[in-house]
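Some features that TrEMBL has for this protein:
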BINDING   GLU20, ASN22, GLU31  Ca(2+) binding site
TRANSMEM  32-50  transmembrane segment
TRANSMEM  62-82  transmembrane segment
BINDING   HIS79, HIS205, HIS209  Zn(2+) binding site
TRANSMEM  119-136  transmembrane segment
TRANSMEM  171-186  transmembrane segment
TRANSMEM  206-226  transmembrane segment
Amino acid sequence: MAEGLSSFWGPVTSTIECCETNYSRSSYIAEFYNTLSNIPAIILALVGLINALRQRFEKRFTVLHISNMILSIGSMLYHATLQRVQQQGDETPMVWEMLLYMYILYSPDWHYRSTMPTFLFLYGALFAVLHAVIRFGTGFKVHYVILCLLCIPRMYKYYIHTEDMSAKRLAKLYVATLFLATMFWLCDRLFCKQISGWPVNPQGHALWHIFMGFNSYFANTFLMFCRAQQRGWAPKVGHFMGFLPYVKIEKPKTQ
């Protein structure tokens, strides 16, 4: 939206702006709430990373949690500056993260172990190069949604084959937070003119960040449970401070 205070980062060069007045709180942060709302996602990813390292989960989950943190940091830089380069630093990790989810979801049943990571790596590298040269706009959103949709059948398969009710609750929380985040994102995009006339802006895009932070955490925790079950590590869902779920495992002594 139109600027409030003077701009530290110069004219807006990104292709997308959200329903928040630019530089309304600080001349150094273009979209104040959209920037700070990424902090919960970073904290949640850090919690997941610590749990994955402490219990010696496979490296794929370490990389997954780190990728969540990188994505949130990239989002912060983008919303703080509204520059095209920083926008690419937000959007490219979004695609890389979905490719990583595809690997984690599909690799257990993939017979040719080296082909999938090689293909996904080359795909991600090619996208990064093309995205640096071409402004995809709507094409990026369509591409991202397709990648998300490719993950859903496998997530559903994991859900129906999971008997533990606590783990199933993680999957339900994943769906609920995804639905709420999407609703807030759509409202912010479609009804900005109406919202701008309200006494208080609900900051729909900032709420999208917050709920997607929880969404990623619930997805990661559910996948960690399913993978531990596949490996025979007797996973259980515990709760940190009685609220935040995490996976506890007991590896056989031979492992």
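Cβ coordinates come from backbone N, Cα and C, glycine included.
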Criterion met for the transmembrane segment (62-82) and the transmembrane segment (206-226) (at least three Cβ pairs under 8 Å): yes
Fewest other C-beta atoms within 10 angstroms, as judged across HIS79, HIS205, which are the binding-site residues: HIS205
Surrounding CB atoms that lie within 10 Å of the CB of GLU20 (Ca(2+) binding site), all protein chains: 25
Range from 32-50, 119-136, 171-186 with most C-beta pairs under 8 A to the transmembrane segment (206-226): 32-50
Contacting positions for the transmembrane segment (119-136) when only residues 6+ beyond its ends and CB under 8 Å are counted: 15, 84, 88, 91-92, 95-96, 99-100, 102-103, 143
Surrounding CB atoms that lie within 10 Å of the CB of ASN22 (Ca(2+) binding site), all protein chains: 20
Residues flanking the Zn(2+) site, with Cβ no more than 8 Å from the Cβ centroid of HIS79, HIS205, HIS209 and excluding those residues themselves: CYS18, GLU20, GLU31, TYR33, ASN34, THR35, SER37, ASN38, SER75, ALA206, TRP208
